[in-house]
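Positions annotated as domain 'Uroporphyrinogen decarboxylase (URO-D)' by TrEMBL: 22-31, 142-158. As annotated by TrEMBL, substrate binding site applies to R27, Q28, A29, G30, R31, D77, Y154, S209, H327. Residues annotated as site 'Transition state stabilizer' in TrEMBL: D77.
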Amino acid sequence: MSRLQNDTFLRALLRQPTDYTPVWLMRQAGRYLPEYCETRKRAGSFLQLCKSPAMACEVTLQPLARYDLDAAILFSDILTVPDAMGLGLYFAEGEGPRFERPLRDEWEIRNLAVPDPHAELQYVMDAVAEIRSALDGSVPLIGFSGSPWTLACYMVEGGSSDDYRKVKTLAYSRPDLMHHILGVTADAVVAYLNAQIEAGAQAVMVFDSWGGVLSEAAYREFSLRYLERVNAGLIREREGRRVPSIVFTKGGGLWLERIAAIGYDAVGLDWTMDIGRARQLVGDRVALQGNLDPNILFAPPDVVADEARRVLDSYGPHAGHVFNLGHGISQFTPPDHVEVLVDTVHQHSRLIRQGA
Ligand SMILES: Cc1c2[nH]c(c1CCC(=O)O)Cc1[nH]c(c(CCC(=O)O)c1C)Cc1[nH]c(c(CCC(=O)O)c1C)Cc1[nH]c(c(C)c1CCC(=O)O)C2
């Protein structure tokens, strides 16, 4: 395998000095890019796109052809894991993800088993290997998974939810069953991420998109514990390098210090907390990834540049910052504004390091 030419992202995750602040964007491959929409049309559906390693590879590389990004992220979805557990994932047009067989009865929960990543999820591993080979050492490849709690939300609700009524009802009335789902899912996530690492992923990220809907006590019991268990099971080194791990609880700002203490190399931040204050709270115990409000990309380019500089200035000259959005990029984002953002991050972070 060819030597990695740009390891800025991996170094920043390990809080090592870098010449500039590396940047990538959550959902950087997606519907805001016309070339993505074209490939998706050719695939027939989003799920068929995910399940075709060649097309998943193609869309993974699209944002890198346009922008000077410092990392690629596997094109897939967090819901491939419950799909492989037999729940039957589908996307109702314009309505987001759904499961044909959500977890409703106790027997369904008791029957839940860890899928073999080299059986039902082999298409993901094939995509990882194909992307690694296509990247040819240009930038590192990020693998990912949903967190046990976030996956359980979809598995019990049967799709997206406004109030999380079904999953919270289960958690509060049958915590034994909730813990059973979370335990099996945590083991599934560990096996899935380790298979991605073995297939070539050079860093991994766990998306806890719905951790922030819990109370602090419930977050600790139903999400944080399992995030910790996932990290403890990960392969730490591969190809002679550490494989850094990132955890992202959307809405987790209030619990930042606890999240920083569970062993991940980096913590993702949504846009609500000032990143300089976050850095004061965690010191140099973890790297931070974030945290521009994705909606800033709708403002004129000079505002985008100002707001990017504000995030960089607030973090300051310390090592350990990976620039990103505070959540996934919107499908309505003007692609030109993304270029302004990426270039501003690189230019301004070089100036900060020169003490300007
Ligand atoms: C909650 C969640 C999901 N998926 C994911 C999360 C966690 C991150 C978050 O909080 O946003 C993670 C995800 N989904 C996707 C990626 C790809 C990698 C990347 O570029 O970051 C990643 C990392 C592609 C996708 N996943 C999805 C799309 C849009 C599908 C399409 O092309 O129609 C993409 C590009 C579909 C998806 N998948 C999911 C939803 C709710 C939706 C519908 C969203 C929508 O319609 O805007 C579940």
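Note that Cβ sites are derived from N, Cα and C of the backbone, with glycine treated the same way.
From a predicted model like this one, the values you see are computed outputs, not experimental measurements.
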Which whole-number value in Å describes the distance between the Cα atoms of D77 (site 'Transition state stabilizer') and R31 (substrate binding site)?
14
Using a 10 Å cut-off on CB atoms, tell me which of the binding-site residues R27, R31, H327 is the least crowded.
R31
Recorded substrate binding residues, R27, Q28, A29, G30, R31, D77, Y154, S209, H327 - maximal Cα separation rounded to whole Å:
23
Among the recorded positions A29, D77, Y154, which residue has its Cβ surrounded by the fewest other Cβ atoms within 10 Å?
D77
Which recorded positions, if any, among R27, A29, D77, Y154 have a Cβ under 6 Å from ligand 1, given in order along the chain?
R27, A29, D77
DSSP residue counts for the domain 'Uroporphyrinogen decarboxylase (URO-D)' (142-158), split into helix, strand and coil:
10 helix, 5 strand, 2 coil
